[in-house]
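**Student:** Got a structure for you, questions after.
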Amino acid sequence: MMRAPERAFLVGLGRAGGGALMFAVPMLMTNEMWALGFSIHPMRLALLLVLTPILLFTLAHYIGFRESPRLVDHLADALVAIAVAAFGAALFLFLFGLIGAGVAPGEAIGMVGLQVVPASMGAMLSRSQFGQESDREKSRRLSRPHYLGELFIMAVGALFLSLGIAPTQEVMDISRTMTAAHELALIAASLLIMHAFVYFVEFRGRVPVVPGTSLRELFARFTVVGYAVVAMVSLFMLWTFGRLDGLGPGEIVNAVIVLSFPGAIGAAAARLVL
Amino acid sequence: MTTPRKTTANRRKKAPAPDRAPGEAKERGTSTWEWAVAAVGGVILSGMVGYLVWDAIAGSAGGPPDITVAPAATIAAGDRYLVEIVVANRGQATGADVRVRGALTDGDQTLEESTVTFDFVPEQSTRRGGLYFAHDPQSARLSLRVEGYVEP
């Protein structure tokens, strides 16, 4: 017989694995993500991998999966999520026949490393997504993140949704077909969608209304600043995946606007979901 | 990632309460098992980052792909012949859309040609493929060459 804490830990691992898979499976099965495994600049992937545990740690800190006052527990959570993500990604890439004989170690590390980013986020969030809704809601209400925390959560949402889209050729294709008028309209649409989400979070959602906040103030504080955060995340993603190499400034702006559209949805939804 | 499930039912009932009851299991710290898995995660992560940094500094940065092709086996496949080929990249960069052309010649006369394109041949890796011919490659001269690639 297993003792209760050990069984609880195994159940936790299983949930983390399920969450990792759910979040990473669209990217696990995308050609561009495998191709990036060997075409990505190693230093940029290393930077992304160094940022991942910091991101997970901060996420644990703000969302509070467990109300441990000790920061080392959040660190443990982050590293467990990474372990689960790496094993899961390697297993399924192997099952797909993508890593094995004839594949250089660098290529395999690149492919697994890229998948670790979304999968570890999934592993981390699975606890909050797959149960204890009321509990989490409560803890979030109790420890309402300050403004920087809110912006961080938006950045995580943007990162998550744009991660699978940034490496695709479609971002470049769309940014080439759009005219300046289209781009301005897309920025407006992104802002509108973000603001709709912000409105629902503040007035209808779980996060309590701060008395005296006007709609205009919300627009400035969350929607506009949030969009700027999303644009920075998009720029970083595109740069990491080498999509900006050899592009002129105008083309870079186009690509950032296009990728910021899914990013804006992710950022706005993250405040509602997390 | 410990989540003691058995307390969930209790918590659901207590949901309206503003504060968590003291002594609930969520307050627990990190167990030894958890630290063991966390350590594995730390080792994997630092291993990957270490390799990538080393790769960036010492390894593959710079240098073109070096892609070669060699026949592996010739198999009679129905009324035609299959020449299995192995494409290897010993260079320091990945080649995309790698095109391989195979020709069967008899003296000065070219009997037939076949081409195949490999999506990617990453650095230090091999990829396998095949070329079909109507003539028996055993009774003619088979020449294989890599025509070119694009940077991914």
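Using the three backbone atoms N, Cα and C, a Cβ is placed for every residue, glycine included.
Okay, so TrEMBL annotates it like this:
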- A:7-25: transmembrane segment (TRANSMEM)
- A:45-63: transmembrane segment (TRANSMEM)
- A:75-102: transmembrane segment (TRANSMEM)
- A:108-126: transmembrane segment (TRANSMEM)
- A:147-168: transmembrane segment (TRANSMEM)
- A:180-201: transmembrane segment (TRANSMEM)
- A:222-240: transmembrane segment (TRANSMEM)
- A:252-273: transmembrane segment (TRANSMEM)
**Student:** What stretch, picked from A:7-25, A:45-63, A:147-168, A:180-201, A:252-273, has the most CB pairs under 8 A with the transmembrane segment (A:75-102)?
**Tutor:** A:7-25
**Student:** Do the transmembrane segment (A:222-240) and the transmembrane segment (A:147-168) share at least 3 Cβ pairs closer than 8 Å, excluding pairs fewer than 6 residues apart in sequence?
**Tutor:** yes
**Student:** Answer yes if the transmembrane segment (A:108-126) and the transmembrane segment (A:252-273) have at least three CB pairs under 8 Å among residue pairs 6 or more apart in sequence, and no otherwise.
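**Tutor:** These two stretches do not touch.
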**Student:** For the transmembrane segment (A:45-63), what are the same-chain contacts with Cβ under 8 Å, counting residues 6+ beyond its ends?
**Tutor:** 71, 74-75, 77-79, 81-82, 110, 113-114, 116-117, 120-121, 124-125, 128, 136, 139-140, 143, 145, 149, 152-153, 156, 159, 240, 274
**Student:** Under 8 Å for C-beta pairs, could you tell me which stretch among A:7-25, A:147-168, A:252-273 has the largest tally with the transmembrane segment (A:180-201)?
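**Tutor:** When the Cβ pairs under 8 Å are tallied, A:252-273 comes out ahead.
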